[in-house]
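Annotated in TrEMBL:
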DOMAIN    89-175  domain 'Prepilin type IV endopeptidase peptidase'
TRANSMEM  79-99  transmembrane segment
TRANSMEM  106-123  transmembrane segment
TRANSMEM  129-146  transmembrane segment
TRANSMEM  158-181  transmembrane segment
TRANSMEM  201-217  transmembrane segment
Amino acid sequence: MLFGAAAGAFLPRIGHRLTVPFGSPARAECGRCGRPFPAGVSGWIHTGPACCTDGHLPPVTLALVAGLLAAVLGPVPQLPVHLLAAIPGLLLAMIDLGCLRLPDRLVGVLALAGGIPLALLAPDRIVPALTAGLLVGTAYLAIALLPGRGLGLGDVKLGAALAFLLGFAGWPAVAVGLGTAHLLNGAIATWLLVTRRARPIPFGPALLLGACLGLTAV
Ligand SMILES: [Zn+2]
């Protein structure tokens, strides 16, 4: 939990700077008050709020996720891998909530930072993990290509990456992870429909929360 709180303290600034429309460069100044961030690394490495915004949610969320993972999984060699993967995971959730985007490079970081050590720890799980990623990626791509289904290509890539990572934990983890994501998303969509507040729903946060539950509930 301490790890989560400490690592999460760095996320508000990075998340805020990356919450930009497709094709735009990272923010050079605060999106709210317009104050410019320092150039170079010091403009990115910063604890606490991004600027004039609230900065408590990411550290608290990451602390809870880290605590849940550590409590359920115990001191297994895979634990540090999952804890580290939670960092790009939470960043993706923040950015998707902010601007409905899942930057490719961050999804790539998540897949590789999680996938390579997991593959080294359990080489016999590589084939099922790749199969899970490929199956989910293909299925999601088919859904995304249907008109009006609201699944973006970012969701397809993140879904495939998470299915790949969950595949190392086994098929039940994949099923619980993705099932939870769709249940969550369905519940939110129904709620918005009932309250007549139709608007696009980011799927990334549901996928990431589902993956977290898939890892711990199975
Ligand atoms: Zn500001």
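Note: Cβ is positioned from N, Cα and C throughout, glycine not excepted.
A TrEMBL annotation is a machine prediction, not a hand-curated record.
Secondary structure of the domain 'Prepilin type IV endopeptidase peptidase' (89-175) per DSSP (helix as H, G, I; strand as E, B; remaining residues coil): 72 helix, 0 strand, 15 coil. Residues belonging to the domain 'Prepilin type IV endopeptidase peptidase' (89-175) score a mean pLDDT of 95 in the model.
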